[in-house]
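Below is one structure, written out as structure tokens; comments come after it.
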Amino acid sequence: MEGVDHLAHERNKSEFDVDAMKIVWAGSPHAFDVSDRISKLVASDPGFRKDNRSTLSRKELFKNTLRKAAYAWKTIVDLRLSEEEAAKLRFYVDEPAFTDLHWGMFIPAIKGQGTEEQQQKWLPLAYKMQIIGCYAQTELGHGSNVQGLETTATFDSQTDEFIIHSPTLTSSKWWPGGLGKVATHAIAYARLIVGGREHGVHGFIVQLRSLEDHSPLLGITVGDIGMKFGNGAYNTMDNGVLQFDHVLDVYSIAFASIAVMLWVSQVTCEGKYKQSDVPRQLVYGTMVYVRQTIVADASCALSRAVCIATRYSAVRRQFGSQNGGPETQVIDYKTQQSRLFPLLASAYAFRFIGEWLKWLYADVTQRLQANDFSTLPEAHACTAGLKSLTTTATADGIEECRKLCGGHGYLCSSGLPELFAVYVPACTYEGDNTVLLLQVARFLMKTVSQLGSRLSSKKPVGTIAYMTRVEHLMQCRCGVQRGFAELSADLVEAAVAHCQLIVVSKFIEKLQQEIPGKGVKQQLEVLCNIYALFLLHKHQGDFLSTGCITPKHAALANDELRSLYSQVRPNAIALVDAFNYTDHYLGSILGCYDGNVYPKLYEAAWKDPLNESVVPDGYHLYIRPLLKQEIRTARL
Ligand SMILES: CCCCC/C=C/C(=O)SCCNC(=O)CCNC(=O)[C@H](O)C(C)(C)COP(=O)(O)OP(=O)(O)OC[C@H]1O[C@@H](n2cnc3c(N)ncnc32)[C@H](O)[C@@H]1OP(=O)(O)O
Ligand SMILES: Cc1cc2nc3c(=O)[nH]c(=O)nc-3n(C[C@H](O)[C@H](O)[C@H](O)COP(=O)(O)OP(=O)(O)OC[C@H]3O[C@@H](n4cnc5c(N)ncnc54)[C@H](O)[C@@H]3O)c2cc1C
């Protein structure tokens, strides 16, 4: 029945202050207030409806996305929302769109790598959305290998201009979000050539389309690359293809530095290339920034899936009826708990590692401004490795949550198929996860060779086993005289172990902070222990081979896990309520707050366009003749 909370009995079991946990999850009382207010604003506005996406054609879907993006911008302007509130509004609108790249990459790239002059010219236009930008780095032939990019930017000292060109088919820009149909400008990455000499890959701000009629400028061929994985899903995004045919970057030398997107190098008025004495990898700065935001995004996506699966696991009953009594809630089965609760713990673990990574990024950015590059390698390794670890675990976790919901998890109305389809490219974009782990492995090799065996002694006591595991994995690999390439598969395993060590140690450090609210810290300690012991159980071969745990320890750890699951069980619904997601944002009948699942599932089915007619289109043309055919063959 509507209005009845079918999960009230579960909520009454909670042993901690849920409102206090909501603040912990949000990060602060202020952050909670903004999130709570904006999520409800979006949920209550029919202009942000999203339950019909799977029934729209690609063109209808895309036009609806443009409508929503414009409506969101109007809402932001009319309500005079702050930058923080506007970002939250775009988050809760929950639709991949060109705005993700405009706000999430184009503007950060200018802020992070543009000169003062460039920032003064481009940021006011971008903030007012008087230009719409995208980040055009990947090409048809190269994505991972940035140094392999083929697009050229040749400085013509006669005309004081840069000529941007796609010399080959494989140099076509391919994948940039927002590029296909909307962006008016791009930060395009190209090989800078000055005076016949090549100076490596640099970013250039290039106008793509007329600000008058949106037509592509002279020399620009641009379009969408076509349908992607899953219906609806990421097809609201116009990932594009772009070719330059000797495009003059219209900014004369007076603005040459406007075009060359870098505070780390310049082309002077005399047409001389000036490389400042900073690491060339600062060209990659935007990718580092986005990777740390992707870690925070992972905790959001995984927590959405876990919220759906946990609430439905409490609603769903199957088997176990005694004397005609109610069947057993599937959340009470130990197998369901052993699959679901480690994911619940991971959602919280990724939330806190995302908070730490945000601090690390801010710290390294501050140091860079003082020309202190000492922590840049660690920041690169951490953002690359944690992006890889958290997105792989989240993509796998969303799929596991679908399976935890049985057949109904496969319905679009569960919200899980679309969440999976939209999320999984996170394992690829912003750096293929294996390629990024190889960067971590390279960092570990260098660290081991510099520090000797001990990677770091600055870890909480509870992580000794994890640290010993990483050292053991590295020693086993570094000890043998074989090349990096030969050992790369093994070194990637050590890189994963290193990233898991970081997540566990930062969760433990979080618990050393003052955490207000009855029972809140105790619940987080249970989740931290579940995360650490689940991984120890999953990788016990590694831990046993280090000798720092024995088979008896491994068995005890497994016993402790079961006990921890029992401690979580009465608090499970409250722990997912703490995410404070509206039913609109969850977009899931299985995960609806009141748990009134079956009537809503049944009602939703009849809204499917296929049920607009009792007799389906095609019956008279195809099925009736089939049913009425003379039996010409002997009866089978
Ligand atoms: C809101 C989300 C929307 C998502 C939209 C998606 C957008 C995108 O996908 S944008 C495109 C993303 N593309 C990538 O992520 C490409 C991945 N590839 C790379 O980052 C690089 O090609 C590489 C790091 C894999 C290799 O770069 P390369 O220049 O060949 O460098 P080396 O491996 O030779 O390393 C040299 C040296 O530089 C250090 N280093 C590498 N990257 C960085 C970095 N980002 N920051 C700082 N330092 C970096 C590396 O550690 C080496 O150091 P040493 O070992 O000390 O020499
Ligand atoms: C949805 C989506 C949105 C995107 N948005 C943008 C965008 O806005 N802007 C942009 O510029 N790009 C964007 N991209 C492109 C994205 O950044 C690249 O696809 C990504 O960096 C992976 O590169 P790749 O496609 O070349 O993969 P590849 O490197 O070709 O990967 C193929 C396989 O090769 C393996 N491999 C590659 N190199 C090595 C190596 N050295 N050692 C071992 N294995 C290796 C990989 O692990 C992988 O298994 C987007 C991609 C997607 C899917």
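Just so it is clear, glycine is given a Cβ too, placed from its N, Cα and C backbone atoms.
If you look up TrEMBL, you'll see Glu430 marked as active site, proton acceptor. Residues annotated as domain 'Acyl-coenzyme A oxidase N-terminal' in TrEMBL: 17-132. Taken from TrEMBL, the feature domain 'Acyl-CoA oxidase C-alpha1' applies to 284-445. Here TrEMBL flags 471-628 as domain 'Acyl-CoA oxidase C-terminal'.
According to DSSP, the domain 'Acyl-coenzyme A oxidase N-terminal' (17-132) comprises 90 helix, 0 strand, 26 coil. Taken residue by residue with DSSP, Glu430 (active site, proton acceptor) is part of neither helix nor strand, so it is coil.
The Cβ of Glu430 (active site, proton acceptor) has 23 neighbouring Cβ atoms from other residues within 10 Å, across all protein chains displayed. Model confidence over the domain 'Acyl-coenzyme A oxidase N-terminal' (17-132) is summarised by a mean pLDDT of 94.
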